[in-house]
């Protein structure tokens, strides 16, 4: 089966698998690669320009990794064969960049709202002084909790929803290939609209031209609802989907062969 996977999709699967393996191998020795390769908010002290690309190869956990790789194999193979290698790799990475941009654009407005709600100007001015994460500093969550408490103590204040969300905005990295894969998913739906896809719950067969728009609408609903405890970057998914749609529309207009 692996021999039948086209070249770019196969290489993307291999690279993602190597990053995923490295995350756990290095993690066992104390290195937190999410801090190095995950994409932070651009104003964060933790942000590095290469993270715009590297975050696409990092994943939060095993379920996140396998779900994305299954989708990449299932939809990416067909899209690559139809588009060709050059356009396919452009689609993949531009969709991933679109995910990064839309996710951080929405973060920008959210963070500004939290800044307006924080009454202690010292907290705002010093957030980056205390938000710094270390590759050898332990788990991301432990570092964030410790840094957050130190930040509050240094400014002699107590935690509130606003200052907590402000600090998290500078401290939590975005990881995953989901944005790029949503671009591929939308491309599949536009190029193979009558392909039959099976819902999991309930197990109902649907054509791609219905299945994928429904999926996007659900993502939009979840993004707008912003349920507490929902750690999924829904706006990143939507950004990838939007760029996938735009590129396929453009290529169709300029004769897709």
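Just so you know, glycine gets a Cβ as well, placed from its N, Cα and C.
Note that TrEMBL annotation is computational and uncurated.
Within the same chain, residues 5, 57-59, 65, 68-69, 72-73, 76, 92, 133-140, 143, 177 sit at least 6 positions outside the transmembrane segment (12-32) and bring their C-beta atoms closer than 8 Å to a C-beta of that stretch. What TrEMBL records for 12-32 (among others) is transmembrane segment.
Taken from TrEMBL, the feature domain 'Peptidase S54 rhomboid' covers 49-107 (among others). Counting residues per DSSP class in helix, strand and coil order gives 52 helix, 0 strand, 7 coil for the domain 'Peptidase S54 rhomboid' (49-107).
Per TrEMBL, the feature transmembrane segment maps to 52-76 (among others).
Below 8 angstroms of C-beta separation, residues 8-9, 12, 39, 41-42, 52-53, 55-56, 76, 79-80, 169, 174, 177-184, 187, 223, 233, 235-244, 247-248 of the same chain, each at least six residues beyond the ends of the transmembrane segment (88-109), sit close to that stretch. The transmembrane segment feature in TrEMBL is assigned to 88-109 (among others).
What TrEMBL records for 167-248 (among others) is domain 'Peptidase S54 rhomboid'.
TrEMBL lists 232-251 (among others) with the feature transmembrane segment.
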Stretch-averaged pLDDT - the domain 'Peptidase S54 rhomboid' (49-107): 96
